[in-house]
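Enquirer: Take a look at the following structure, please.
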Amino acid sequence: MTGDPSSSTGPHGRPQPWQLFSSRQRWTMLAVLFLVSTVSNIDRQIMTVAIEPIKAEFHATDTQMGLLTGAAFALFYATLGLPIARLADRGNRKLIIAISITFWSLMTAICGAVQTFAQMFFARLAVGGGEAGALPTSQSLIADYFPPESRGKAIGIFAMAGVAGYAAALIGGAQIASRFGWRAMFVTFGLSSLLIAVIVSRSLREPRTMVPRTTDRAVGERTDPSIRALAHKPSFLWQIAGGGFYGIVSYGALIFVVSHLVRSFGLPLAQAGTVYGSISTVTAIVGALAGGYLTDRLGRRSPAAVPMLTGLLMIAALPAYVLALLTHDFMIFAITALIGGCLIFCAGPSLFAGIHMVCGSRRRATAIALLYLVMNSVGLGGGPALTGVLSDAFGAHQGSAMGLRIAMLIAFAALLPGGACFIIASRTMTADVEA
């Protein structure tokens, strides 16, 4: 067991959680959590590939598909996220993650057997409910595995799993859907994800089981674990609000990029998925690694620099995405989409690190669940639906391709107020930081 020399012991002489593990153990467990996030995002995002074939089979509108890709998933995700997070802040997080993966994987496979739009909607509700227990709980474990001075890098690597899953869904999903149909795609990804539940149960460690329970209770008595304590931190509230705008873009606008490539550039579905999947992979790697590095470096100088970084990156991404949508030149689209994607994913590590800095050790899962609640209810629940409604409205007069382009431009505009929220949060960040 190897700890960080720079890390101090916790209350009552208790070692800090990250001191319970060697460097090798930390990175091994981060790799497992990376897989958890990857399959979570695969099972969430494969609907992106299936938008056009499902729309055709069920004779659905863009509005209905926006509800299916967004609200159907976000409703149970948002509803169950907080109670599961409260359980995760007290219980065995490894067990919660393993059960969650098993449930949502089976529900994803069932999506391949539905016969009506309504059945698909309810199946996606169940997928969202299952996934509610994974990411906030994983983030809570990461904060226990890694000390604050290297947490940004760990979160950055974990964030890359989001687009690794997105890229796998786009590239792998497009290939499977093109060759065997969209139903086979859901069944294949759903059943294969069950393997990750086995890996989680065998590989992860729960720090709480490695210390006496009486000590853990003593620490709990010292720290107010309630949500009310978070509500008194202005920087937390502003960052949560900014996360909602971030979600509108990452969950609302970006989910229609494949459809934009099909409609505006005439690419076949498989090629569109491969192209954007490749772009997403590059932006995830570059953005997340750079974001993790900048978060750790700037965070050591001043906590206020962390949300400031998030806000500036979001605002800087807006002109890149505007140009990507307005151009009719595919090469310009690819370059500007790369730039915008790198900036957006660079903002991810600082976004989550900023929440970790102010929430305290006994509220980590709850705080991250609140962030995901807003990001998913506003971003995933409202973003795709709003984009779909606007696409139908503008498309009725200007054509399907132009209607979608205008709708996506409006959704991307959320980057501006979102960035402003994080910049405002930086003003009280230092006072709100909690060890």
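Each Cβ is built from the backbone N, Cα and C atoms, and glycine gets one as well.
According to TrEMBL, the record shows the following:
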{"type": "DOMAIN", "residues": "29-429", "note": "domain 'Major facilitator superfamily (MFS) profile'"}
{"type": "TRANSMEM", "residues": "67-88", "note": "transmembrane segment"}
{"type": "TRANSMEM", "residues": "95-115", "note": "transmembrane segment"}
{"type": "TRANSMEM", "residues": "121-142", "note": "transmembrane segment"}
{"type": "TRANSMEM", "residues": "154-174", "note": "transmembrane segment"}
{"type": "TRANSMEM", "residues": "180-200", "note": "transmembrane segment"}
{"type": "TRANSMEM", "residues": "236-262", "note": "transmembrane segment"}
{"type": "TRANSMEM", "residues": "274-294", "note": "transmembrane segment"}
{"type": "TRANSMEM", "residues": "306-324", "note": "transmembrane segment"}
{"type": "TRANSMEM", "residues": "330-355", "note": "transmembrane segment"}
{"type": "TRANSMEM", "residues": "367-386", "note": "transmembrane segment"}
{"type": "TRANSMEM", "residues": "406-425", "note": "transmembrane segment"}
Enquirer: With CB pairs under 8 Å as the measure, which of the listed stretches 95-115, 236-262, 274-294, 367-386, 406-425 comes out on top against the transmembrane segment (154-174)?
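Expert: Against the transmembrane segment (154-174), the leading stretch is 274-294.
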Enquirer: Pairs 6 or more apart in sequence, C-beta under 8 angstroms, 3 or more of them: is that satisfied by the transmembrane segment (306-324) and the transmembrane segment (121-142)?
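Expert: These two stretches do not touch.
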Enquirer: When the pLDDT values for the domain 'Major facilitator superfamily (MFS) profile' (29-429) are averaged, what is the result?
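Expert: A mean pLDDT of 87 is what the model gives the domain 'Major facilitator superfamily (MFS) profile' (29-429).
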Enquirer: Counting Cβ pairs closer than 8 Å, which of 180-200, 236-262, 367-386, 406-425 has the most of them with the transmembrane segment (274-294)?
Expert: 236-262
Enquirer: With the transmembrane segment (67-88) as the reference, find which of 95-115, 121-142, 330-355, 406-425 contributes the most Cβ pairs under 8 Å.
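Expert: Going through each listed stretch, the top one turns out to be 121-142.
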